[in-house]
Ligand SMILES: Nc1ncnc2c1ncn2[C@@H]1O[C@H](COP(=O)(O)OP(=O)(O)O)[C@@H](O)[C@H]1O
Ligand SMILES: CC(=O)N[C@@H](CCC(=O)OP(=O)(O)O)C(=O)O
């Protein structure tokens, strides 16, 4: 007769013990999680994501979710017959597009994420940058290469904004009361207009302003890939500039890496671009020695 425990159960206990130093290190810390529109869509992954967020809260970490929804805005614009163009990864946004972007982001997607977190046992509160003066936006000007003249020209992107001031008071109040804030990337300008903000940029500004220790960007690739498609596990500003200059980093990855560099320079300990297609990608990154994705550090 032996008292040896079931190896599968033992492995579970070992996983919990492996998490112990991380649980101790991160108790009370703020983690900002950017959930990209491309990472949404699969109901099981949505449930996993919500469970991860609720688990973080349960172990004493304060998660703040900032979400995107680019593909979903695109689908709605198409249904409504509104044309849409991107310049430098940003959607050219006229007044009608801004209204539709707000409807999809702050109305539809935001409340869906709140529901998933609720179903996983968490108490989420969905807001946008407009609520309680969280984010003040300023109009940005896009730049587009003009191959005919060999120069970059300025393009009017309409109501595309960037965060120029973040007042995180509402986020701290919600976290203190054990709520999980879920933020849509829409904000008011000082001019009273509604601005559409790239969700990576919005999340980075919130990570900096809340003094977050960790900033995760969940997307639909393994992380930043090199020209051969291999994962780059570690990047700093100099390497990122070189990869942008030689065209390895392009499109939607540009705002991500720029946001990560900015966030770590503003005091966020580490920013990680993670594969949202992997179940529980965030938990694996935070609580095990097998980190995944691309870590951007100062
Ligand atoms: N070097 C690179 N490594 C990985 N992905 C890249 C790279 N350069 C460009 N990309 C593109 O960036 C995309 C991620 O950005 P984006 O589509 O905006 O995602 P999200 O909706 O999650 O914000 C990838 O799917 C890929 O097509
Ligand atoms: C100005 C601008 O481009 N805003 C984005 C906001 C949503 C977003 O960034 O969503 P993802 O993270 O899923 O790409 C847009 O209109 O698509």
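Even glycines carry a Cβ here, placed using N, Cα and C.
Because TrEMBL annotations are produced automatically, they should be read as predictions rather than curated entries.
The following features are taken from TrEMBL:
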- 69, 70, 91, 196: substrate binding site (BINDING)
- 30-274: domain 'Aspartate/glutamate/uridylate kinase' (DOMAIN)
- 34: site 'Transition state stabilizer' (SITE)
- 256: site 'Transition state stabilizer' (SITE)
Ligand 2: which of the recorded positions 34, 91, 256 have a Cβ closer than 6 angstroms to it?
91
Provide, as an integer number of angstrom, the distance between the C-alpha atoms of residue 69 (substrate binding site) and residue 34 (site 'Transition state stabilizer').
11
Given a separation of at least six residues and a C-beta threshold under 8 Å, show me what packs close to residue 196 (substrate binding site) in the same chain.
91, 93, 97, 98, 101, 102, 159, 160, 161, 185, 186
Collapsed DSSP category at residue 69 (substrate binding site):
coil
With respect to ligand 1, which members of the recorded positions 34, 69, 70, 91, 196 satisfy a Cβ distance under 6 angstroms to one of its atoms?
70
Please find which two of 69, 70, 91, 196 have the most distant C-alpha atoms, given that the record lists them as binding substrate, and give only that distance in angstrom, rounded to a whole number.
12
Report the residues of the chain - excluding 69, 70, 91, 196 - with C-beta within 8 Å of the mean position of the site's C-beta atoms, for the recorded substrate site, in sequence order.
37, 68, 73, 74, 101, 104, 105, 185, 198, 199
Within a 10 Å radius around the Cβ, which one of these binding-site residues has the most neighbouring Cβ atoms: 69, 70?
69
Would you mind reading off the Cα separation of residue 34 (site 'Transition state stabilizer') from residue 70 (substrate binding site), to the nearest angstrom?
13
So what's the mean pLDDT when you look at the domain 'Aspartate/glutamate/uridylate kinase' (30-274)?
94
Euclidean distance between Cα atoms of residue 256 (site 'Transition state stabilizer') and residue 70 (substrate binding site), Å:
14
What is the total of other Cβ atoms whose distance to the Cβ of residue 256 (site 'Transition state stabilizer') is within 10 Å?
29
When a 10 Å sphere is centred on the Cβ of residue 91 (substrate binding site), how many other Cβ atoms does it contain?
21
Taking the Cβ of residue 34 (site 'Transition state stabilizer') as centre, how many other Cβ atoms lie within 10 Å?
31
